[in-house]
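Presented below is the structure to which this report refers.
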Amino acid sequence: MSSTEAQASKPLYGERVIAEGELICFDNPRPERPYEISIELPEFTCQCPFSGYPDFAVLRLLYQPGPRVIELKAIKLYVNSYRNCSISHEEAANKILDDLVVACDPVWMQLEADFNPRGNVHTVVRVSHGSRQPC
């Protein structure tokens, strides 16, 4: 086997990291203060479980952290892991929210998945967890 063939058979760095998809968090630096964090992920992709066609969405995450805060590179790589996943819009939004809640235990969290129109249909799925506190 040539070195080129050996390299081709090994997953690329990005593919390995995406496959791991670990949501890493760090301690909230100000747990006594209510505040909100807004994260936008404009390049979410998954596959339609019915047609196999790609679906594209902007994910908008707004949350009030509890004991832990989500690390940004980790959430990017986690979201990228959905690229080849056959999943409905509704299940994608709910599963992502569930995984984020387990990882960081927020006081309150809302995820909006704004999917690009396909076939003249525009879908926005909004899911939430917990009770929003005044900041």
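Note that Cβ sites are derived from N, Cα and C of the backbone, with glycine treated the same way.
Taken from Swiss-Prot, the feature active site, thioimide intermediate applies to Cys48, supported by sequence analysis. What Swiss-Prot records for Asp55 is active site, proton donor, and it gives sequence analysis as the kind of evidence. Sequence annotations record features per position, and here Swiss-Prot assigns substrate binding site to Ile70, Glu71, Leu72, His89, Glu90 based on sequence analysis.
Features as recorded by Swiss-Prot, highlighted on the structure.
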residue: Cys48; record: active site, thioimide intermediate; Cβ neighbours (10 Å): 14
residue: Asp55; record: active site, proton donor; Cβ neighbours (10 Å): 22
residue: Ile70; record: substrate binding site; Cβ neighbours (10 Å): 21
residue: Glu71; record: substrate binding site; Cβ neighbours (10 Å): 17
residue: Leu72; record: substrate binding site; Cβ neighbours (10 Å): 12
residue: His89; record: substrate binding site; Cβ neighbours (10 Å): 18
residue: Glu90; record: substrate binding site; Cβ neighbours (10 Å): 12
Substrate site span - longest C-alpha distance across Ile70, Glu71, Leu72, His89, Glu90, in Å: 24
Alpha-carbon spacing, Cys48 (active site, thioimide intermediate) to Asp55 (active site, proton donor), which is rounded to whole Å: 6
Rounded inter-Cα distance in Å - His89 (substrate binding site), Asp55 (active site, proton donor): 8
Mapped DSSP class for His89 (substrate binding site), helix or strand or coil: helix
Euclidean distance between Cα atoms of Asp55 (active site, proton donor) and Glu71 (substrate binding site), Å: 25
Cα-to-Cα gap, Glu90 (substrate binding site) vs Asp55 (active site, proton donor), nearest whole Å: 12
Residue pair the residue listed as 'active site, proton donor', Ile70 (substrate binding site) - Cα distance, angstrom, rounded: 25
